[in-house]
Amino acid sequence: MLQPAVRLVWLSQVPYAELLALQQRWLLRLQAEPGPEAGALLLCEPAGPVYTTGLRGGLTSEDTARLRALGAEVRPLGRGGLATFHGPGQLLCHPVLNLRPLGLRLRAHVAALEACAVRLCELLGLPGARARPPPYTGVWLGERKICAIGVRCGRHVTSHGLALNCSTDLTWFEHIVPCGLVGTGVTSLSEELQRHVTVDEVIPRFLEAFKETYKCTLTSEDSPS
């Protein structure tokens, strides 16, 4: 049986706004006229610090002013979840997918994203990575979250996705309650492996995990479209 094709788009290190703009173009394309591809896998490393909030908020106006004073962007988004941080040293993965050709429902899509991150951790020598049920959605090593997940779905088409800490400066998380979860911590691949792990290093293994989990093929072109 022929596997669904997903377009791979690697943006390298770019402003977060550039990722959102490309996501919107793919979202409109898939919702208007689904083509032969199941969608696109958008990957990037944020070029600067950004705090984002989900549909349930997570930041007051005072919080927003305080975070902007630190030199970070603050962006409200239409994804699930509360406040989190994105920045250099983090792999952002936004699959803009039509779930129908993939044979997935939304909850299965979220579970597949978690499985990708768990598998990546295993491939890098961290077998203790685990997904946890809501409200702890994401991937954890003990009580430390290594991968945050927040998605949106409309007319069977997904947007947003996961943020995996590779060599992220974790002190940025100290200025918020990540995902609204009091008493939990954050970690990174570099912290856990006790060596510097770049986004570039993890991408081949992440793509391996994505193809395995979503049972798809990945195609790539020079232009992000």
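Every residue number used here counts from 1 along the chain in the order it is shown.
Cβ coordinates come from backbone N, Cα and C, glycine included.
Note that the structure is predicted; figures quoted are calculated from it, not measured.
The domain 'BPL/LPL catalytic' annotation in TrEMBL covers 35-218. Among the features that TrEMBL reports, substrate binding site is placed at Arg79, Gly80, Gly81, Leu82, Ala83, Thr84, Phe85, His86, Ala148, Ile149, Gly150, Gly161, Leu162, Ala163. Feature annotation from TrEMBL assigns site 'Lowers pKa of active site Cys' to Lys145. Among the features that TrEMBL reports, active site, acyl-thioester intermediate is placed at Cys179.
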What is the interatomic distance between the Cα atoms of Gly81 (substrate binding site) and Lys145 (site 'Lowers pKa of active site Cys'), given in whole Å?
14
With substrate as the bound species and Arg79, Gly80, Gly81, Leu82, Ala83, Thr84, Phe85, His86, Ala148, Ile149, Gly150, Gly161, Leu162, Ala163 as its recorded binding residues, calculate the greatest Cα-Cα distance and give it in Å as a whole number.
15
Cβ neighbours within the same chain of Arg79 (substrate binding site) - under 8 Å, at least six residues apart:
Thr52, Gly54, Leu55, Gly150, Val151, Arg152, Ser159, His160
Could you state the whole-number distance in Å separating the C-alpha atoms of Lys145 (site 'Lowers pKa of active site Cys') and Phe85 (substrate binding site)?
12
Neighbour count, 10 Å Cβ-Cβ cut-off, for Phe85 (substrate binding site): what number do you get?
26
